[in-house]
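> The feature domain 'Neurotransmitter-gated ion-channel ligand-binding' is assigned by TrEMBL to 73-274. Positions annotated as domain 'Neurotransmitter-gated ion-channel transmembrane' by TrEMBL: 283-364. Per TrEMBL, signal peptide is recorded for 1-21. The transmembrane segment annotation in TrEMBL covers 275-297, 309-326, 338-356, 455-475.
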Amino acid sequence: MRLNTTALLLIFSILIPACVGVRAAIRLKKKMNSGDSDEQDYQDDIEDAIYDKASIFEQGETHDFLQFLRSIKYDHRQVPDDENDGPVKVNVSIVVSNIRSVSEVTMDYSIEMFYRESWRDPRLKYSKAKFKNKTEISLHESYSNFLWHPDTFVPNAISSKNPRRQSITHRSLLRLRNNGSILYSRRLSLILTCGMDLTLFPFDSQLCKMGFESYGYTADQVKYMWSQGEIQPLILHKIRLPDFQIGEAYVTNRVETYATGEYSRLYVCFVFNRAAGFCFLQLIIPSTAVVITSWVSLWMENETSFQDMISIILTITFLLFSYNEVMPRVSYIKAMDVYLGVCFCIVFLSLIKLAVVKYMRQRLLITRDTSIVAAGMLPMLKIVNGINSPEAQCCHESRYDNRYKPSSLAPPDVYTPVEYPDTPSICRQNRAKDDVPKSSGCIEFSPTFMHRFHWITQMLFFIGFVIFCLFYFLVYPNIHSQTTDEDCDRQMSEWFAEIR
C-alpha cells in the first residue's frame, strides 16, 4: 500500500509541472500570435487610413478636395496639358543642409538636402469659394498618390538613406494653389558617386555633381528648370568638412540623349578644395624630418653606422606603405608619390655616400698604418748601413725602400749600401721622383680629398632638396591642369550659391 502511494505521489509530482509548463507555453504562443495580429491590424489600419480613398473621403477637411477630384474626373496617370502645348515645366530648388563626407577611397560623398519641385496642372484650378476662400491649401503627403507628379530620380545616386514611411526625420510637403500650381517638397539623404582625379593629391580640387531628371518622360513631355525670381535655386547652409572646403557651388541645365530619347536634366556642381593640413602633419613633415635626420647622421662621421641608415630607410619605407594603404589603387602617379619618392631617393643616396666615405676612411687608415711601420724600421736600417750624414739621411728617408740592392760580388742574401751624393739638390731631386704616383691595385685617397667629397655631397643634397621643395610647393601644382566636366561648365551655369 505504501509503495502504491509513493508511486502515485511521484507520478503527480512529475505530471503537474509538465502540465503547467505546457499550459504556459500555449498561452505564450497565443499571446505572440495575438500581438503579431494586433500589430499587423494596426499597420493595415494605418495603410488603409492613408491609401484607401474611401477612408480618406471620410476625413473632415479632405472631403471637399476628394469630391473636387471626383467631380473633374482627375486621372493621376495622365500628364498635364500645358496651356502653350509645350512640355510640363518643373521648377526645382534645393537647400543643402549638410555634406557629411567626401571620400577619395570609395569616390563618393553623402549629402542631406531639402528637394523642392513645383509645376502647374491646369486641371486642378479651383474656385476659392469651394475651399473657404483659400488661395492655397495644404494637403497630406499621402495625396501625392492621387495627383500626377514627375518621376524624378538622381542618376548618379548609389543609395538613399531615407527611412521607412511615416518617419519623423524624412517627411514630405504638398500644397496646391487655386491656379493649379503644386508644390512638393521632401527631405533626402543620398550617397552619390564622384569621379576623382588624384594626380595633384594633396593639392587637388574635386568636382562632384548631382543630377535630377525624369526617368520615363522625355524632354518634350517634362522639362526641368531651375527656380527663378525670389526663390533661389540653390542654398547652402554652413557646412564644415574635415578634409575639404567648398570652393564653389553652382547649377546647370542640360539635355541628355539616350536610346529612348532626349531627357531634361539638372545638375548641381560642387567644387571641393582639399585641406592639406592632415597630409602635412602625417606625411610631408615626417618624411622631411627623416631626410634631415639622414644628413645629421652623415655629419656624425665616426658615430654613424650602416644600421642607423638602414633604420632611417625603413622609416621612410613605412611612410610610403602606410600612405598607400589608405589611398585608392590608381594607375597614375600622384603628387604625394613624387614627394615621398624623392625623399626615399635622397635617403638611399645618403646610404651610398656613407659607404663611400667609410671606404675612403678605411683606405686612409691602411696607408697610415703602413707609414708608421715603415717609420719604425728606419732607425734599424740606419744602424745596419752606417748612415750618419744629414744629407744622406734626408735622401734615405725618402728612398729607404729602394736604396738596398743585391751586390754582384756577394751572395743573394747579403746587401750592400748604395752610395748617394751628399748634396741637398740631389736629395730634393730624388724626393721629387718619389712624388710621382706609382700604379698599384688600390686607389689612394688623401684626407683632404675625403673631407672635400664629404662636404660637397652634403651641400649638393641640401641645395638640391631645397630647390625641389620650392619647385614642388610653388610650381608643381600649377603645371597640371584640373580635369573639367562638360556637364558642369562654369560658363553655362545659371546660378552660383553663396558659400557661408
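Counting starts with 1 at the first residue shown.
Just so you know, glycine gets a Cβ as well, placed from its N, Cα and C.
Keep in mind that what you see is a predicted model, and the values were worked out from it rather than measured.
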> Report, as numbers and ranges, which residues of the same chain sit near the transmembrane segment (309-326): CB under 8 Å and 6 or more residues beyond its ends.
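Beyond its ends, the transmembrane segment (309-326) has Cβ neighbours at 105, 283, 286-287, 290-291, 293-294, 297, 336, 340, 343-344, 347-348, 350-351, 354.
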> For the domain 'Neurotransmitter-gated ion-channel ligand-binding' (73-274), what's the model's average pLDDT?
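Mean pLDDT, the domain 'Neurotransmitter-gated ion-channel ligand-binding' (73-274): 91.
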> Same chain, outside the transmembrane segment (275-297) by at least 6, Cβ under 8 Å from its Cβ: which residues?
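Counting only partners 6 or more residues beyond its ends, the transmembrane segment (275-297) has Cβ contacts under 8 Å with 201-203, 241-245, 304, 308-309, 312, 315-316, 319, 323, 336, 339-340, 343, 346-347, 350-351, 354, 458, 461-462, 465.
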> List the helix, strand and coil residue totals of the domain 'Neurotransmitter-gated ion-channel transmembrane' (283-364) as derived from DSSP.
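Tallying H, G and I as helix, E and B as strand, the rest coil: 67 helix, 0 strand, 15 coil.
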